[in-house]
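Here's the structure we're looking at; comments come further down.
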Amino acid sequence: MTKADTIFKENITKIMEEGVWSEQARPKYKDGTTANSKYITGSFAEYDLSKGEFPITTLRPIAIKSAIKEVFWIYQDQTNSLDVLEDKYNVHYWNDWEVEGVPANNGDKRSIGQRYGAVVKKHDIINRLLAQLEANPWNRRNVISLWDYEAFEETAGLQPCAFQTMFDVRRVGEDVYLDATLTQRSNDMLVAHHINAMQYVALQMMIAKHFGWKIGKFFYFINNLHIYDNQFEQAEELLKRQPSDCQPRLVLNVPDETNFFDIKPEDFELVDYDPVKPQLKFDLAI
């Protein structure tokens with residue numbers, strides 16, 4: 001059993017046994033009913049990527065390719081355009097969060113409001129981060145924040161769930177490692193937990209490659225970790241499943257010091273991944 005599988009089962013059990021019920025919940029199911037959930041607060045996990053510990057479960061298949069494409073949409077394309085996400089990456093699940101009548105920051109008609117990539121572009125976040133790490137890798141101010149009150153007031157739109165990432169550099173002997181800490185305000189445990197974690201591991205790997213560093217540790221903090229009330233059967237099924245014997249790893253197949261903006265989604269490869277099947281179905285809360 002991988003570390004991710006152990007943490008996954010522990011979190012599911014804790015939510016089901018100790019979680020409290022949401023109140024005045026915002027999300028809705030497609031039929032318009034309120035999407036209530038059981039949740040815990042203050043969830044934390046640590047993975048040492050350099051030792052092959054990756055935050056992806058083997059208890060069900062995870063759509064890692066489309067998840068990584070979303071990282072490129074946000075941090076390379078730096079746009080909120082649904083047209084770019086669909087036409088360039090063939091990713092469609094963000095359509096449910098379209099904000100009607102709000103054009104994208106690149107002029108396209110369809111957008112998710114002034115969120116995610118639009119905020120990255122507005123503040124030139126990636127270029128500033130890379131320049132800061134270039135000037136002094138050991139500085140303690142390497143922060144990506146997507147929490148922009150001005151943007152929230154400007155347009156409607158889903159406020160970012162994974163909203164802050166911090167980076168630190170460590171030298172161990174002759175090797176330099178890049179660590180990352182992801183802070184998330186809210187996480188759908190069964191659907192999005194490993195997707196979000198692996199997305200930001202991919203971002204960490206892209207930045208490390210840019211400088212020729214090794215990937216180090218990945219820390220994951222979630223303020224509100226929940227399971228929706230239409231997912232309890234799937235939760236019980238996941239607890240019954242026996243994980244596969246594989247130890248999946250994400251690999252970035254580009255040379256060291258490849259420019260961040262030259263890396264492509266197809267450069268990533270998930271190896272030794274043989275998840276338990278069949279896939280489970282989930283009705284999303286929007």
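Each residue's number is its place along the chain shown, starting with 1.
Glycine is no exception: its Cβ is also placed from the backbone N, Cα and C atoms.
Feature annotation from Swiss-Prot assigns active site, nucleophile to Cys161; the stated evidence is sequence analysis. Here Swiss-Prot flags Arg140, Arg141, Arg185, Ser186, Asn187, Asp188, Asn196, His226, Ile227, Tyr228 as dUMP binding site, drawing on sequence analysis. If you look up Swiss-Prot, you'll see Asp188, Ala285 marked as (6R)-5,10-methylene-5,6,7,8-tetrahydrofolate binding site, on the strength of sequence analysis.
Features recorded in Swiss-Prot, as mapped to the structure shown.
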| residue | record | Cβ contacts under 8 Å, 6 or more apart |
| --- | --- | --- |
| Arg140 | dUMP binding site | Asp168 |
| Cys161 | active site, nucleophile | Gln184, Arg185, Ser186, Asn187, Ala192, Asn196 |
| Asp188 | (6R)-5,10-methylene-5,6,7,8-tetrahydrofolate binding site | His226, Ile227, Tyr228, Leu284, Ala285 |
Local Cβ density at Arg185 (dUMP binding site) - other Cβ atoms counted within 10 Å: 15
Cα-Cα distance maximum in Å, computed over every pair in Arg140, Arg141, Arg185, Ser186, Asn187, Asp188, Asn196, His226, Ile227, Tyr228 that the record assigns to dUMP: 37
All-chain count of other Cβ atoms within 10 Å of Asn196 (dUMP binding site): 21
For Ile227 (dUMP binding site), the number of other Cβ atoms found within 10 Å of its own Cβ: 22
